[in-house]
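K.L.:
Okay, so Swiss-Prot annotates it like this:
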REGION    101-127  region 'Disordered'
COMPBIAS  101-115  compositional bias 'Basic and acidic residues'
DOMAIN    136-282  domain 'RNase H type-1'
BINDING   145, 274  Mg(2+) 2 binding site
BINDING   145, 186, 210  Mg(2+) 1 binding site
């Protein structure tokens, strides 16, 4: 009887796919930098380690040996780094719930045209290695934030921050031109990130922001405002019309996943974007 059990066990093992070779039913997901490092068998397990983790590094491999080699920093250079291919699970969806439009559009700012103050970026940015970006699936991850001291009071100072990862050459904190308000800063931080992405030929972007006003404005309210002649449901002029016009124009040709992250809640990317924005607010206006 013991011999039969041994034989049955050997047969069962032979029927299993070899984990050190090519798996017939999936791939191996290697995480070099994330919450936990190692090799995982599903994209969901991998994503749990790299989602919202700054400068995460991960790859998908056909064999376990290659996956572990990557974890040990000796992976084959032929495999592209940092993203899931078209057969993998899709990255996070856009904000699942769209809030209702506020009755007054934006109650914290006074209406004033802004377009004349804002200058589009015209300086071409040097190409940056794709390995320096963080990825969620095949989407590049970026964090944006805006700030304004004395918002709505005398002598406000606003800045925008864009954070791509630790020490990334595209990280930027600059003073917001024109009308100094917090919500304008939030919108134009997103504008800056998209401008930068386009200079790097990046057309898939996961953009994290703590501004639900920006997210709901660009994903939902803008269409209603346009149909209503850029007026709110209460019949008032949309205060940030020119800002959202600029943002919507930049999103053309881009696949952007708008993601909300709670502000000042310990998310490193958000904290760094906030730091950059505050540094930008200290700069003088050009």
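In case you wondered, yes, glycine gets a Cβ from its N, Cα and C as well.
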K.L.:
When DSSP states are grouped into helix, strand and coil, how many residues of the domain 'RNase H type-1' (136-282) land in each?
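P.N.:
Counting residues by DSSP class gives 59 helix, 37 strand, 51 coil.
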K.L.:
Round to the nearest Å and give the CA-to-CA distance linking residue 274 (Mg(2+) 2 binding site) with residue 186 (Mg(2+) 1 binding site).
P.N.:
10
K.L.:
Given the binding-site residues 145, 186, 210, which one's Cβ is surrounded by the fewest other Cβ atoms within 10 Å?
P.N.:
210
K.L.:
CB neighbours of residue 274 (Mg(2+) 2 binding site) within 10 A?
P.N.:
23
K.L.:
Between the Cα atoms of residue 145 (Mg(2+) 2 binding site) and residue 186 (Mg(2+) 1 binding site), find the distance and write it as a whole number of Å.
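P.N.:
The Cα atom of residue 145 (Mg(2+) 2 binding site) is 6 Å away from the Cα atom of residue 186 (Mg(2+) 1 binding site).
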K.L.:
Whose Cβ lies within 8 Å of the mean position of the Cβ atoms of 145, 186, 210, the Mg(2+) 1 site, other than those residues?
P.N.:
144, 146, 147, 185, 189, 209, 211, 214, 263, 270, 273, 274, 277
